[in-house]
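Annotated features, as they stand in Swiss-Prot:
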type	residues	note
DOMAIN	1-141	domain 'Globin'
MOD_RES	7	N6-succinyllysine
MOD_RES	8	phosphothreonine
MOD_RES	16	N6-acetyllysine
MOD_RES	16	N6-succinyllysine
MOD_RES	35	phosphoserine
MOD_RES	40	N6-succinyllysine
MOD_RES	49	phosphoserine
BINDING	58	O2 binding site
BINDING	87	heme b binding site
MOD_RES	102	phosphoserine
MOD_RES	124	phosphoserine
MOD_RES	131	phosphoserine
MOD_RES	137	phosphothreonine
MOD_RES	138	phosphoserine
């Protein structure tokens, strides 16, 4: 459960990300594909090379979804309902992959914003991404 301080940290972090969201999303995806090669199986039609337009485009989708979630942190199920349906029923993504991408997002954010990535912010973002993952996998049952 996100505390009021967590929600403040999440919103402040997403404001600092600003126009870099798409680039950070793509970088996190690249990290995930390199660190956890089995995740590539969900993207057989993608050019997974560094800087590919498809990875950049999907990175933007990830970043936009997370920005929307951060803006609606008090109603994550409502904000992510369509994505939850898509990932559970059409794409059938293994839920563990959300944890892997979350980890790669945290690493990416820490690399780009080391001064702002305090232990408290890290914990808040980790809880936020875990909450997003929980919502995205809630319709698997």
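Placement of Cβ uses the backbone N, Cα and C atoms for every residue, glycine included.
With respect to residue 102 (phosphoserine), the closest of these recorded positions in Cα terms is 124, chosen from 40, 58, 124, 138. Same-chain residues at least 6 positions away in sequence with a Cβ under 8 Å from that of residue 49 (phosphoserine) are, in sequence order, 55. Around residue 138 (phosphoserine), the same-chain residues six or more apart in sequence whose CB sits under 8 Å from its CB are 77, 84, listed in sequence order. Ranking the modified residues 35, 124, 137 by other CB atoms within 10 A of the CB puts 35 at the bottom. Neighbour density for residue 40 (N6-succinyllysine): within 10 A of its CB lie 13 other CB atoms from the protein chains shown. In terms of DSSP secondary structure, the domain 'Globin' (1-141) contains 115 helix, 0 strand, 26 coil. Across the residues of the domain 'Globin' (1-141), the predicted structure has a mean pLDDT of 94. With respect to their backbone Cα atoms, residue 131 (phosphoserine) and residue 40 (N6-succinyllysine) stand 24 Å from each other. Each of the modified residues 8, 102, 131 was scored by the number of other CB atoms within 10 A of its CB, and the lowest score belongs to 8. In sequence order, 93, 136, 137 are the residues near the residue listed as 'heme b binding site', counting only same-chain partners six or more apart with C-beta under 8 A. Here is what falls inside 10 Å of the CA of residue 7 (N6-succinyllysine) among the recorded positions 16, 58, 124: 124. Taking CA atoms as the reference points, residue 35 (phosphoserine) and residue 58 (O2 binding site) are 18 Å apart.
In space, 124 is the closest of the recorded positions 16, 58, 124 to residue 8 (phosphothreonine), judged by Cα positions.
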